[in-house]
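Visitor: Sending over a structure as structure tokens; questions will come in a sec.
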Amino acid sequence: MNVLVTNDDGIGSDGLLTLVNWLRSGNHEIMVVAPEQNASGQSGAITLGKPVRVTPIQPQQWAVAGTPADCVRIALGFLGFHPDLVVSGVNHGANLGQDVLASGTVGAAMMAAVRGIPAAAFSASSNDWVRVGQLLARHGPRVVAEALSQGPKLIVSVNFPQSGGDRLVVTELSGPRYDDEVQWEEFDGQHHMVRLMMVERTKPRPDANDDVGAIMRGFSTLSYIPSLPSVSVVPALYSSKG
């Protein structure tokens with residue numbers, strides 16, 4: 001199977017290396033195309049109107065001076081790779097609930113899906129990459145099979161907890177739990193400098209029936225994310241007319 005691997009933490013990240021090492025243990029043709037620097041929080045952003053630097057690192061491995069979604073586009077359109085599956089991660093940190101809206105890890109998987117390619121995104125709360133590798137070996141085959149089964153209409157998003165994780169459970173995404181906090185820092189006579197932060201609106205609960213609750217209880221989680229919005233506004237428009 002041809003597998004494209006990307007991420008948002010950058011070409012040299014431990015999570016990417018852990019994911020590639022696991023995939024190489026199977027019978028796969030792997031190409032790695034990842035940002036040359038950390039590109040977290042880019043969601044599905046793409047570069048338009050200017051050249052993007054693409055640097056060969058070693059055979060079948062490329063660094064891109066762009067976003068995670070750019071990496072997918074470059075692998076398909078410039079490098080001519082034809083993957084059966086795109087795998088993004090392993091992200092340094094969880095992507096739970098509304099995190100997926102900003103996540104470059106998920107954004108890369110989303111770009112693959114809208115290009116018609118099944119995709120999975122992996123994220124981990126733990127920095128114990130030996131343990132993360134063990135969880136990939138334990139749950140990865142099921143995740144890959146599920147992604148291929150669902151096809152490009154649904155992205156498979158997997159999160160590994162800080163500890164535990166031997167059991168993989170299917171969960172819904174949690175609801176919004178962050179608010180924005182904007183701090184003014186300085187004014188140089190022409191420009192204001194402000195710092196944008198996210199603060200928890202509500203404390204997560206381990207008994208919650210969602211991905212956050214399951215992670216807090218020590219489960220690995222699998223959630224499905226539609227690659228395109230599926231809600232139609234047409235019925236609502238007609239009903240509003242009486």
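Just so you know, glycine gets a Cβ as well, placed from its N, Cα and C.
Heads up, TrEMBL stuff is auto-annotated, nobody curated it.
It should be emphasised that the depicted structure is a prediction, and the values quoted were computed from it without experimental measurement.
Copying in the features that TrEMBL gives for the protein in this structure:
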DOMAIN    3-174  domain 'Survival protein SurE-like phosphatase/nucleotidase'
BINDING   ASP8, ASP9, SER40, ASN91  divalent metal cation binding site
Visitor: So, in DSSP terms, is ASP9 (divalent metal cation binding site) helix, strand, or coil?
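Guide: Reduced to three states, the DSSP call for ASP9 (divalent metal cation binding site) is coil.
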Visitor: Which has the fewest other CB atoms in a 10 Å radius around its CB: SER40, ASN91, the listed binding-site residues?
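Guide: Checked SER40, ASN91; of these binding-site residues, fewest Cβ neighbours within 10 Å: SER40.
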Visitor: For divalent metal cation, what surrounds ASP8, ASP9, SER40, ASN91 with a Cβ no more than 8 Å from their Cβ centroid?
Guide: ASN7, GLY10, SER13, GLY15, ASN38, ALA39, PRO68, GLY89, HIS92, GLY93, SER103, GLY104, THR105
Visitor: What does DSSP assign ASN91 (divalent metal cation binding site), in three states?
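Guide: Strand, per DSSP.
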Visitor: Based on Cβ atoms within 10 Å, give me the single least packed residue among the binding-site residues ASP8, ASP9.
Guide: ASP9
Visitor: State the three-class DSSP label for SER40 (divalent metal cation binding site), counting H, G and I as helix, E and B as strand, and everything else as coil.
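Guide: Note: SER40 (divalent metal cation binding site) is coil by DSSP, not helix or strand.
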